[in-house]
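Below: the structure, in C-alpha cells.
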Amino acid sequence: MRSPSVRRGPQIHGEESQTPPMASLSTKTPTWPRSSWRLLCAQTPLHGPVLCRDPHGPSLHRDPPPSPDQLQQKIICPGPVTCLTASPNGLYVLAGVAESIYLWEVSNGNLLAILNRHYQDLTCLCFTDDSSHFLSGAKDCLALVWNLYSVLQAEPSQIPDPRHVWSRHSLPITDLCCGFGGPLARAATASLDQTAKLWEVSSGELLLSVLFDVGIMAVTLDLSEYHMFCGGMDGSIFQVDLCAWPVQRDRTFQSERENTKVFKGHRNQVTCLSVSTDGSLLLSGSHDETVRLWDIQSKQCLKTMNHKGPVTNAFIVLAPANMFNPDGKPSVPLPKFSRHLHGTESSDEPGTEGVTLRLGLHQQEPGQSYLEKAERMYSQMHSTREKNLVGDQEHLTIQVSELEEEVSNLRKINKDLFDFSTRIITKPAK
C-alpha cells in the first residue's frame, strides 16, 4: 500500500491478516498463537525490527525475522508489558510494566532507569519527535511529561521528577499523541471521561478540551496539526478542527451538527489511529477485528483488512529501503535487554557489552563519558572560533584602513569640485 506523497510507500503494521505482506506485520506464524496477541509495537530506525509484546508472559519479541533461517528473539521483561514505544532516533526503548516505566538503551540492552510516579498501571507512552521528552499516561488519570536527559542524569537512588503533571482528566488515560516541534510541540491526550485535550509541552498549559458523547480510546494529529482525530468506544472517529473560529478552550463536539466530520464504519471501539505523511489517509484499528483505511477528505473507507481477533495497534510507517531485499538484515543486532538497573551487581550478565551512547552519570566503563567528550569538543570549537576571530579582526583592520583612505580621497575630490563650482558661480560677468 503506497501513499501518493512519498516515494517509498507506507507500511501498515498490525496483527496477522489475510492481506499481502506489505499491509501486515508478518505472514509467518511462530510457535505461540499469534491471533491471541495483544500487539504492542515499537520500531527502531537503526535496528529495523519491530518489538512486540506477548500478553501471555513478560516478554518482548522481535518481529519479523530478517530471513527464514534466523530465529525470533525473545526478550524477558520484569513483568507483563502494557505499553511500548521506541525513541525516533532509535537509541532508547520505553515499556510500561504495571505502574512503572522501564527505559532501556538499545545499543547494549542496559536498563537505564525505572520510573515509579504513576499510581496505577501504565496505558500509553510516546516520545517527542526529537527524542528529548516522552509522555506517559496511566489508569490513575494522570499524564506525565518527562525530560529524557534529566532522567538519564539522575542518580540511581533518586527518582527524577516529571517536567509536567497533567491532572485534568477524571478517568483513565487511554492514548497519547505528540506533534512536531520537540519540546515546543503540542500533545493530545484521550480519556474515558469522554474528552480529548490538547496541551503545550513546553509550558504544560492546557490549550483545548473537547467533550464528546462517548469515551475516547485513541487520538492522533495530522502532520500539519490542523486536525485532531479521536476514536470513540462506539466505533466512530471524530475529526476536530484545531483552527476553528471562534477560538475556545472548552468545546463540545456535536455529532448531529458536525456529521460531516465523523468517520462511520467500525462496529466496536476504535483502539488506534494513524495519519499518512501527506495527510490524505487515516488508518484505524478496532475491536471489531478490522483495520480500515479512510480517505480523510471524503470520509470514505478505501480498504478493509480483516483480522482474527481485536486489533489493538496499527500504524503507518515509511517502508525501509531494503524491505523487499531477501538478503536485507538489520544494520545493528538487537542485544538482550537487562532486567536489572545498569550499574548494579545483578546487571553483570554475559552478552550485554556494547557501545554506550546515552547521556548520564551511570556510565561505568573506563574513559571519558559522553558529556566529557562533548565538553572537550566544545572547548576545541571555542578556541578555533577565537583564532578565526583574531584572524578576522586583522583582516577587518586592513579593510578599514583601505576604506578610510578611499573616504579621504573622495573628500578631497568633493572639495575640489566645490571650489571649482564656487569660482564659476562667483566669477563676475564681463
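The backbone N, Cα and C atoms fix where each Cβ goes, and this holds for glycine too.
What TrEMBL records for this protein:
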type: REGION; residues: 1-31; note: region 'Disordered'
type: COMPBIAS; residues: 17-31; note: compositional bias 'Polar residues'
type: REGION; residues: 52-71; note: region 'Disordered'
type: COMPBIAS; residues: 53-64; note: compositional bias 'Basic and acidic residues'
type: REPEAT; residues: 115-148; note: repeat 'WD'
type: REPEAT; residues: 263-304; note: repeat 'WD'
type: DOMAIN; residues: 381-428; note: domain 'WD repeat-containing protein 18 C-terminal'
The repeat 'WD' (115-148), counted residue by residue under DSSP: helix, strand, coil: 1 helix, 18 strand, 15 coil
Helix, strand and coil counts within the repeat 'WD' (263-304) (DSSP): 0 helix, 24 strand, 18 coil
Mean per-residue pLDDT computed across the repeat 'WD' (115-148): 95
